[in-house]
């Protein structure tokens, strides 16, 4: 006998006579909704955690690049006081400034093999230690010869650091954010340059004997943080796979990818790419006698690295006081203040590249960058050659120099490191990227060591006209030799160079990875 207003249904379940509850199905549906909401909540939490973790790894891995940037920025001002204190000649100034870039190619060459042997992150630590020793020697140097010893050691450390950071970041980053994250080393180079300029200005009031030593000593601080970072960041999952440490690689991928299916997908691609490598053939033999596909990769990687430097960016930064002096600025404090404006421009505009590189792609940014640099370099040359010294020429010189470094930061500055860290096959990536870094540092050193002599022969304005012509050639190089890699995994990018360039072809499909072969 049932209660009033309540009846049994045919399944022995109770409900209000006029409003059947269908309680069994309802509670199941509510349970399902709660489960779905909980899954969504956990997924969002994992996404946020993953993004923070990868972001932190990219920041820590980029700290070595602060050292390069700081050295470039601080030496532009420190060299003025070194000349006064140690009474060095103009040729010695050029050698002192340029030798770091030339010597750093030793670190870049050795960095690839070192990182293959001891791992990506410990190579970064090794780089920091060498730089610290070099910076300490420079700080206490009583003569030009001892200063050069410290400079050489610092150069080797920087060579290791600038080569390995983009490779490491590219190998730990999820595909969707790889471009912006791999740009971090360039951000930190720019930050270092700005800090160097600020250091110049801050310590310029000290005596000539003390000021440049304090300026150089401050550069030791970033490398201390690198030591701490080594105990926080993981090893590259791709390097771990090459060492047959697959489970460790899976654990790292679980921290750097947003869902388990993507982890397994990435791991399978990495194992496939590692498994297709010709492990019997030494890496350097492959690089010296490359297959057609690898030859295309080397042309793209080394070429874009060289164009980044032979357009004169380091000369612009190192010798910006000399450029502004040629425009008419005489006071030393005003010269150093003007260089701070250059540092701010170079640092601020790279943020645009970080925002856009994974949205609009690598190649459009390169076009904007190289065309803009060509225009600004031409403007600097014409201003210094045709206009008399005065307020207008000073304003235009500062405008065009700041414009040049801004366009550099928007495109070719960060994008060249992104490209060289992502276009090479897994087994060759570290050492091939090292070759690209060697080209970059060698061109930087040659430009830095010859700028004053060339400028004296054909004037500063004439030198910038040459830079503008070279920059125009870089536009053609980007059109012919640089593919678009946005949105592709590292393993997929290899396919762009197989048989022929497919720079504007169809998207590479995930399933195509199984066809990767080393020819």
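Note that Cβ sites are derived from N, Cα and C of the backbone, with glycine treated the same way.
TrEMBL assigns the feature transmembrane segment to residues 335-357, out of the candidate ranges 335-357, 427-449, 496-518. From the options 16-37, 148-169, the stretch TrEMBL describes as transmembrane segment is 148-169.
For the transmembrane segment (392-420), the most Cβ-contacting stretch among 53-83, 148-169, 181-198, 458-479 is 181-198 (pairs under 8 Å). With pairs at least 6 apart in sequence, the transmembrane segment (364-386) and the transmembrane segment (53-83) have fewer than 3 Cβ pairs within the 8 Å limit; the two do not touch. For the transmembrane segment (181-198), the neighbouring stretch richest in Cβ pairs under 8 Å, chosen from 124-142, 210-233, 335-357, is 335-357.
The stretch with the most CB contacts under 8 Å to the transmembrane segment (148-169), chosen from 124-142, 210-233, 335-357, 364-386, is 124-142.
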